[in-house]
Structure formats: C-alpha cells, structure tokens
Amino acid sequence: MLSKFLSSENGRGLLMVSPPFLYALLLMAFPLIAIFLFSFWTQDFMTLDTTFTLNNYREIAEKPIYGALLQRSLFVSASVTAVTVLLAFPVAYFLSFHVRPDRKSLWLFLITIPFWTSYLIRVFLWKVILGYNGVINTGLINVGLIDEPLTFILYNVNAVIITLAHAFAPFAILPIFVALEKIDRSLLEASQDLGESKFMTFMRITLPLAMPGVVGAVLIVFIPTIGDYVTPELMGGAGGKLIANMIQTQFLALNNAPLGAALAIVAMLCVTAISLTFVLINRRWLKGRS
Amino acid sequence: MSLRIYAIAYLIFLYAPIVLLPIFAFNDATIIAFPLSGFTTDWFTELASNKSLHAAVKNSLFIALVSAVTSTILGVCAARAGAMHRFRFKAGIMGFIMLPLVLPEIIVAVSLLVVVVQILDLGLSNWTIIAAHVLICTPFCIAILNGAFQNLDPAMEEAAMDLGESRFSAFRLVTLPLVMPGIISSMLIAFTISLDEFIIAFFLSGSSPTMPVYIWGLLRFPASLPVVMALGTILVALSIVLLTIAELLRRRGLARAGVKDEGGFL
C-alpha cells in the first residue's frame, strides 16, 4: 500500500515536497498558532499564567497609545507602498518597453544590488543624507537655495517613509516588470491601429494587464513594512515610533510577551484585512472594465 | 527619452546611500558629515584589531553557511517537486512554502521566540537564528531554483533510468550537473540574506551576537561610527562580488538548460 503510494506520480511529488513543507509547518505554522494562543495568556514578570483571558486585547483597545501607534504604522506602510509603487512603475515600464532585450538583465542586476547590501548601514546612511549637517542640507546651503538646514526630513515620519521606500524599491519593480513583460505587444499595435491614442492604449490595455504585478508589488511592500522596527528606531525620533517598536519593547524590555503577542496578532489582522480588501477592490475594478 | 532620464535618476536614488560608504570610511574625522577632512586608512586598521567584532563575524559566517546549505536543499526539493511532479494540493502547498516571503520578519521573530523560550524552554543560540533564517531564505532559493528546474526535460532522467541507473543516481548524474549553477547561485543569495539579517537575529541571538546585532550596538556610539563605515564598505564590496558570481552562474545555468534569460533573482 505504502510502496504503491510512494511510486505513484502523486506520492512521489508529495514525498519530494514534504521536507520544505514540514519545515514550514513546524517553524512557521506551529509558532504562529503558538503565538495566537499565547496572546490569550498573561505574564507577571517571569511567571506565565495560562488561564484564558481577553485582558491583553482589552488593554490594546482601551489604552489610546496602542491605537495611535497602529494607526500611524498603517499610515506609514500605506504611504511607503504608494510612494514605492508609483516611483517604481515608470522604471519597470522603461525596463520592459524601452531597454534592449540583451540589456534587461544588466538593468535588473543594477537595481537589485543595493538591496543586498547591509540593511542597518543603509538606514544609517539615510540619516547621514537627511540629517541636520547632512548631504542634502549642506548641499542646498552651499548652492544658496536655503539659509537654515531643513529639519522636516529627519526624526519624523517623513524620514521613515523615505528610508523604507528606498529599502523596498526592488520588491516593487520586479513584480511589475514581470507583469509588463507578459503583455502581448501586438495588442498595443492593434489598439493604436484601431485609432486609440498612446495614452488611451496605456490606460485601457497596458495598465489593466499590468495590474496583477502592481497588486503583487503592493502586497510585497505593504505587508512586511509593518514589521520593521529598525527604520523607525533610527529615523523616526520620538514621534516616529511604530507598532513594531512597541512589540519589540513588550518582548525584550518589559517582559510582557503575551501583550506583545496580542499586538503582533492585531497588527497582522489589520494588515491582512486591508490587503484582502485591496485585492477584492482591484478584482472588481478589472471585472468592471472587461 | 524622458523615461530613460527618470530611470537613471532612480538608479542614483538607489545608490545614493551606498556611494557615501567608502567616502566616509576613508575620511579622517570621527563625525560622519561633510565637509571631508582628509584621507586615512585608520578605520580599517581598527577593524583588524577588534576581537569582539571578529567573534561576531565568525558567528554570522557560521550561521549564514549552515542556513544557505539547508535552505538550498529544501529549495531543491520544492523546486523539483513544483517543476517535475504533479500532486494533490500542489498550488496550496507551494503557496504555503512561499508564505515567509510576505510574513513580516518581526512576526517570524516573536513567534519563534515564544516557542523556543516559553514553550520548549530551550536557550537561544546560533541554532535558533539558523532555524529562522532557513525559513525566510527558502522562498528566495525556490524562486531562483525554479528557473533552473522549470525547463528541464524529465525525459532525460527517465532515459538514464531506462539505461539502468537508479532513481537517485539518475538525479545525481543527469539533473544535478544541469542545475548546479542554480544551486550555487541560490546558496550565495541565501548566504547574503542570512549574513545581513538583523530583525530576527536581534530577537533570537543568545549570548554571542551576530555581525548585524554587533553593528546595531555600535550605531549608538558616535565614536565608533567611522569603523562601522569601514566595515560597511568591506561588506558592500563582498556582497557585490558574491552577487556578481551568483548572477553569472544563474545565466550560465539558463544557457545550459537552453532557456531564454528572463530577468533577475526574484
């Protein structure tokens, strides 16, 4: 019976995929379930109380600080996503439509390289660029455009958004590029032969067909940015701290892991709900057009 | 034309922070700001004599090496199953394995922390970091290896088996050499990701910090910043070398499998 299963096509496939599957099950699914359970427990300094309670969630709902942090985090993630995807789209478009085919992988390589260099140091360097004595301020003063250093670009939410938009750039470009590459070029010619302008061709053919890539880019930027605490810590100053900083504090400094777990769950649920809504709206929009 | 100018401006935006690294690494001043004062290699000499940094680097290299090998093995299994087999719930299973790609890293970090410390009551060590790094690296490995496996003709392995090779040696003698460039490129990428990963390592490291955790500590002391710049310069140079090798191998792998090159790593 077993040997028959293992020699079947279905069985061999499942056997082959089982090591990575079991690994993800044990080290991702199981811990996620654990942290979900954990968020209903309480911790008093070092002793863990495993009676079921909604106290952690109640505290999150009642204390305004958590709501405010969550709101700010979602705002930052959404802004980063919008900025990143809007800036990335023309680059992906240029790569797909205007770069010679044999040059494409060189361009892609150049775009991905900065992404693979030390994240911490890259964030710190943005501080050097945006800071009081930073590259931008010194440059603008030397040119004579400003007399006083600009202060709105460091230690606040703007700085966090700029830094994160930089960090996630390749994540936005690549999915859009892949979607654009798949577009059948003869559709564009047909549209123009039938009298549509270049702009209308873009709006009615290129953009709808590129939408799966845009959605992919939005999700792959929006979801992970909620979990970053390095950038807000280094760039955000006092007013730029985000929910991930609070989760980190609850776990590592305040020894209140269950509350941290509940915060993590709430943040995850918000992000998932927003992402699903976005996907659904987009699907309806595409359907409405066809 | 204007699109080209925009794309080049965008590249400058991408490279702006990295270009500053070597400038300040060789700058003869403890403050990281313009104007520059003079040329020095002192910060690099200081790196060479820093014992705790060396320990952190050694830790990170060990973690990155083990993570790279393990996640590539898991990646080979998944990419092979995805490309060459049909089985039930395939899309669901593959999607599940790729999920860490969109999971916020802090969630991976805290959930593993809870399991290891509170539930299993084990201590944190390099192995807890490795466990998490394998999880987040595997989807990247699969993405790279998919390219190598996707266009492989299953008939070649079958032919080897018809000629008397066992299933495993058919894989070893026929498929493995064809996907070898992909495997090495996957290991290099996973190695680079693990070496640089901070968010998870900060939660899961035991008594001995990894290199990013050590750098994080340095960032709080203004006096040590030039040393961080020097270290960063070396790291950037190193990752560019590793990535160039990975890219060349990936291309050679595609050429070997007779496939058109369709893009980068992701």
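Quick reminder: no glycine exception, Cβ is built from N, Cα and C everywhere.
Among the features that TrEMBL reports, transmembrane segment is placed at A:21-41 (among others).
Here TrEMBL flags A:70-280 as domain 'ABC transmembrane type-1'.
When Cβ-Cβ distances below 8 Å are used as the criterion, the transmembrane segment (A:74-95) is approached by residues 104, 107-108, 111, 157, 160-161, 164-165, 168-169, 171-174, 176-177, 180, 206, 210, 213-214, 217-218, 221-222, 225-226, 232, 242, 270-271, 274 of the same chain, each at least six residues removed from its ends. As annotated by TrEMBL, transmembrane segment applies to A:74-95 (among others).
TrEMBL lists A:107-132 (among others) with the feature transmembrane segment. Within its own chain, the transmembrane segment (A:107-132) is flanked in space by residues 91, 95, 99, 149, 151, 153-154, 159, 162-163, 166-167, 169-171, 173-174, 177, 230-231, 234-235, which lie at least six positions past its ends and keep a Cβ under 8 Å from the stretch.
Same-chain residues lying 6+ beyond the ends of the transmembrane segment (A:152-180) with a Cβ under 8 Å from its Cβ atoms: 72, 75-76, 79-80, 83-85, 87-89, 91-93, 95-97, 108, 111-112, 114-115, 119, 122-123, 126-127, 130-132, 134, 136, 206, 209-214, 216-217, 220-221, 224-225, 228, 231-232, 235-240, 242. What TrEMBL lists as transmembrane segment is A:152-180 (among others).
Residues 73-74, 76-78, 80-81, 84-85, 88-89, 92-93, 164, 168, 171-180, 182-183, 187-188, 191-192, 242-244, 267, 270-272, 274-275, 278-279, 282, 286, 289-290 of the same chain sit 6 or more residues outside the transmembrane segment (A:201-226) yet have a Cβ under 8 Å from a Cβ within it. Among the features that TrEMBL reports, transmembrane segment is placed at A:201-226 (among others).
Here TrEMBL flags A:259-281 (among others) as transmembrane segment. Taking Cβ pairs closer than 8 Å, the transmembrane segment (A:259-281) reaches residues 35-36, 38-40, 43, 56-57, 59-60, 66, 70, 73-74, 77-78, 215, 218-219, 222-223, 226-227, 243-244, 246-251 in its own chain, all 6 or more past its ends.
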